[in-house]
Amino acid sequence: MAVFKSMQVLVITLVSCCVRGCAAGRPLSDTNAFTPFQYSKFQKNFFVAWSESNVAAVDGGHTLQLSLNRKSGTAVSSTNKYLYGYFRASIKLVSGNSAGTVTAFYLSSQGHNHDEVDFEFLGNVTGEPYVLQTNIYANGIGNREQRIFLWFDPRLKFHTYSVIWNHKSVSMYVDNVLVRVFQNNEVHGQPYLTKQPMGVYSSIFDASQWATRGGLVKIDFVNAPFLAHYTNFTLDACAIDETFAILHTETPCATPTSSK
């Protein structure tokens, strides 16, 4: 009987780890409130693009948690696509040794000649700073990477990252500080982001080939799972009816939204 009870305890412990995410002694979250994505408030405005098992709501359901482990990272996409607007998220990055990881918040359309606006946070070894890389694609043309060192440690608490996109420019902010502007210079023959509705994405993935010191430092999965947290999403923009847009030259709002 004692052996049977011990086996019961072991089975319960293993099931708990599978559901909540035990690895190397690190809990999946710092809070006990853990909700699968499909039962969270985030499923109203987002869907899981890949690896739903690595997505959950924590902190009483108020925070979206993305996890990277040996098997996979993950990504979440907005249900709607937008043409112009204000997009914001508060993000707390992976703590400890995050070398080889990339956490991202970005806008993107689909296809070879896609448009894209990126916040990419390049992980680093413990004690070394994160690097913020921004990039912009217009009609499939990128190679506009810019890197900066943040003036704070983005692992310690949430900070806000936002994009204002209109017909004149794309402006990118960190805690309401302007860090980049991309102007509309179509009049001079430079492509701009005017015609392709974009979705809003949050993701974490293994980028050992290039993220840390040009790929010299690889990810160490002994430290997995790597956890990134997102909250306070704002999608203050016009959702585009893409079917209508295909049949007409104009692209009116299908539904004005402000998703928080």
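Backbone N, Cα and C atoms are what each Cβ position is placed from, and that goes for glycine too.
Quick look at what TrEMBL lists:
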- 1-24: signal peptide (SIGNAL)
- 28-230: domain 'GH16' (DOMAIN)
- E116: active site, nucleophile (ACT_SITE)
- E120: active site, proton donor (ACT_SITE)
- N124: N-linked glycosylation site (CARBOHYD)
Report task. Using C-alpha atoms only, work out the spacing between E116 (active site, nucleophile) and N124 (N-linked glycosylation site) and round it to an integer in Å. Result -> 25
Query raised in the report: Other than its own, how many Cβ atoms are within 10 Å of the Cβ belonging to the residue listed as 'active site, nucleophile'?
Result: 19
Report summary line: Same chain, |i - j| six or more, Cβ under 8 Å of E120 (active site, proton donor); the result in sequence order is V102, T103, A104, Y106, L132, Q133, T134, N135
Query - Cβ-Cβ neighbours of N124 (N-linked glycosylation site) (radius 10 Å) - result: 21
